[in-house]
Amino acid sequence: MPSTNRAGSLKDPEIAELFFKEDPEKLFTDLREIGHGSFGAVYFARDVRTNEVVAIKKMSYSGKQSTEKWQDIIKEVKFLQRIKHPNSIEYKGCYLREHTAWLVMEYCLGSASDLLEVHKKPLQEVEIAAITHGALQGLAYLHSHTMIHRDIKAGNILLTEPGQVKLADFGSASMASPANSFVGTPYWMAPEVILAMDEGQYDGKVDVWSLGITCIELAERKPPLFNMNAMSALYHIAQNESPTLQSNEWSDYFRNFVDSCLQKIPQDRPTSEELLKHMFVLRERPETVLIDLIQRTKDAVRELDNLQYRKMKKLLFQEAHNGPAVEAQEEEEEQDHGGGRTGTVNSVGSNQSIPSMSISASSQSSSVNSLPDASDDKSELDMMEGDHTVMSNSSVIHLKPEEENYQEEGDPRTRASAPQSPPQVSRHKSHYRNREHFATIRTASLVTRQMQEHEQDSELREQMSGYKRMRRQHQKQLMTLENKLKAEMDEHRLRLDKDLETQRNNFAAEMEKLIKKHQASMEKEAKVMANEEKKFQQHIQAQQKKELNSFLESQKREYKLRKEQLKEELNENQSTPKKEKQEWLSKQKENIQHFQAEEEANLLRRQRQYLELECRRFKRRMLLGRHNLEQDLVREELNKRQTQKDLEHAMLLRQHESMQELEFRHLNTIQKMRCELIRLQHQTELTNQLEYNKRRERELRRKHVMEVRQQPKSLKSKELQIKKQFQDTCKIQTRQYKALRNHLLETTPKSEHKAVLKRLKEEQTRKLAILAEQYDHSINEMLSTQALRLDEAQEAECQVLKMQLQQELELLNAYQSKIKMQAEAQHDRELRELEQRVSLRRALLEQKIEEEMLALQNERTERIRSLLERQAREIEAFDSESMRLGFSNMVLSNLSPEAFSHSYPGASSWSHNPTGGSGPHWGHPMGGTPQAWGHPMQGGPQPWGHPSGPMQGVPRGSSIGVRNSPQALRRTASGGRTEQGMSRSTSVTSQISNGSHMSYT
């Protein structure tokens, strides 16, 4: 365990600054116990520095649950430091000494429950309204700062000398709202606090409920169900209707106020701010109503203490003169005065207060008022002496000197016996005089009885404390499990998010790599095409040069041949003059040379036109090939994106299934834990109830045994009474016998005296025998009657107790059944809510997937459309330039058949079919040109899937050869077989709508 959590550890600076470092025993003197509870005790004390009267609440944090006690002390100190309001107790500081915290607060006269204890009757409605108004103002302050008191009752509402109402005992308070802890005092608990762990959280309205119960307490001297076992009261409050005021003497305003506070459903219950506007507290009332009540209470306390004082003086006086004697009369008198207090709200109920550090119902004597300080040293010494007397006698007697004089003057017997009183009486007088600054509305007998009850009811208090501790532990276990599962869920969610992010990053890297690869492919293809075009031009130029050389050689041969023929013709014709022959021959030579020059020029022109045409046609084929490559790359990229998106969606669905499985497993774990905790709680409740039943039966048996033990004494007394009556009867008969004997002896002759005496003796013996028989009969009848009456009374008490305990057990069973049903309903509701959340999340995920698929489809369509439009613009621009240069589109659309019959040296195979593309694009067969993808060319060859004409049989990737012959050029130029291409002005939109968009594979 960390040192900062160890009880009493001040290593944490935040905790250390909560406590003062001084020794409290040197700062505070004249300590006198004025209250006692489960936490410890409250003392009256005086601050030696300021001579100010204070109240000190001592809380030990040693022994069992020391860490829990220490945490409660820290929480209460922090709470007291935060609150500053006229209707809340003023905090002065906290000190530590020997594993005990000294919580110093302002001193108050007493609590509202002390008023009930002293007066033995309910308060007046106007007094209840004044007390309630002050308490409401304090609660409104707490609730406005999101704090909850959680232990409102008459014992925790204190009064000061000026009549101010103060809220005290914040050991159960919560600094956060809403809360869900099981704390408070059973009879004042709101239903939602009792069901806190089962049904969820609660807020400041629990204090409003407790205030309503407190109003009933002040109006009826005890809260509802106070005659019931505290545990049974919890079950009763949780499932039965709200209590109401029983008497009809209260006003409608008061009844409505109580009914509003005790609304079973918290949402229907008003807040403390709203209750401050209620007519019950706003009605006009005397300003001095509480001051007058306090004064009357102080007078009554003085009278009660004076009565006890006179008894003690009388007892001491008789002991001094007569020795020990049985004061039966005084015992009866004491019973008359003290017996009526047992029905009030005493510390038994308060000691059942749930928080271990809370002040009990009648021990709240720590509050505001600072009384006049002592003026002389003698008074201080007297007070120290008085303190010693009080602590040794475990009692508190409150009497001022003038009060003592007043009571002595009013009691002649006391005044007459005062000079003869022993030293003890003098010490008691000195003791009373020393308390002149100790004002209170609590009687000495109340403090003494409270201490005794605290010692006697330890078993019941320990049972309630154990139950409270169990509820706390269960709540802590549940919160620990929920936090653990939440951490597991967060970790799982982070892991899934990380996996998804990793996959997306991998996909992005793959896509970037693919795009770079495509860019490299395009660059490489551009270089290859440039080289191919250069080689193609060089090949044609080489062939044309070769053809030109051949042509020139043939012209030379033809020239020589023609020259020889002409010479032969001239030689045959001898009649022609030689000069004429020479001229004719020269002219023929010139004609031949001119014709050959024209033929050469025509050849060069045709070669140039052919070169330009074939280069232009080659460039168009290159452009179409690049377009096909772009289409293939775009198709590959889009298919890759589609594949990645499918994989991402599959992962999202798997993650959804994984999250769903984990959520259902967590919910099942929490519900199992909750069921187990409810089972343990119900088992503990049943065990506690059975122990309570056994204890009640044991107490009743003990009482009956005591009655049986006391019966011989009462029987002996009655037997002595009967015996006395018999003796009186015997004496009467003896006197009558003597009188009759004397009379008969006087009236009868002396000779008959013997017979008369004998007869009288027999008669007397017979009557005495009859009287003895009657005596025995009376004794036996009395014994049997008394025994029967005792048996019947005890049997009746046993039956009543059994019925009561059976009802409480049935109430517990009903409560537990209700809790189980509520838990099952809650589990079903949680399961339905989780299923709804999962279904909604699945629907949102599917909607997101559908939207992403639609967006991807739109992106694919847009990419294809933009690519087709760009390629169409490029082809159209190329064809326009060709038309400007004088080339026909039909001529450029297809190579001549002869062009495929030869290949130039060094020509490489194209990676794409320049005439028909690379097969089906976007899921449809392509035509010979990309003008209209997926449609046959009008007037031209069939699509690649149905080749025809001279193009049939050309393999993919075959080299393109061009037959360099004027005949081919002439045939092409003269309108030989050509293929009509489709115009590039065909609408791209119609192409896409007709099926040229992607077909996802």
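Even glycines carry a Cβ here, placed using N, Cα and C.
Taken verbatim from Swiss-Prot:
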- 28-281: domain 'Protein kinase' (DOMAIN)
- I34, G35, H36, G37, S38, F39, G40, A41, V42, K57: ATP binding site (BINDING)
- 324-380: region 'Disordered' (REGION)
- 350-370: compositional bias 'Low complexity' (COMPBIAS)
- 404-431: region 'Disordered' (REGION)
- 458-651: coiled coil (COILED)
- 567-587: region 'Disordered' (REGION)
- 577-587: compositional bias 'Basic and acidic residues' (COMPBIAS)
- 754-877: coiled coil (COILED)
- 905-1001: region 'Disordered' (REGION)
- 906-915: compositional bias 'Polar residues' (COMPBIAS)
- 975-1001: compositional bias 'Polar residues' (COMPBIAS)
Across the coiled coil (754-877), average pLDDT on the 0 to 100 scale: 87
Using DSSP, what is the helix/strand/coil residue split across the region 'Disordered' (567-587)? 16 helix, 0 strand, 5 coil
For G40 (ATP binding site), the same-chain residues 6+ apart in sequence with C-beta under 8 angstroms from its C-beta are K57, K58, M59, S60, T100
Let me check the 10 A CB neighbour count of V42 (ATP binding site). How many other CB atoms are there? 27
Other CB atoms within 10 A, centred on I34 (ATP binding site): 28
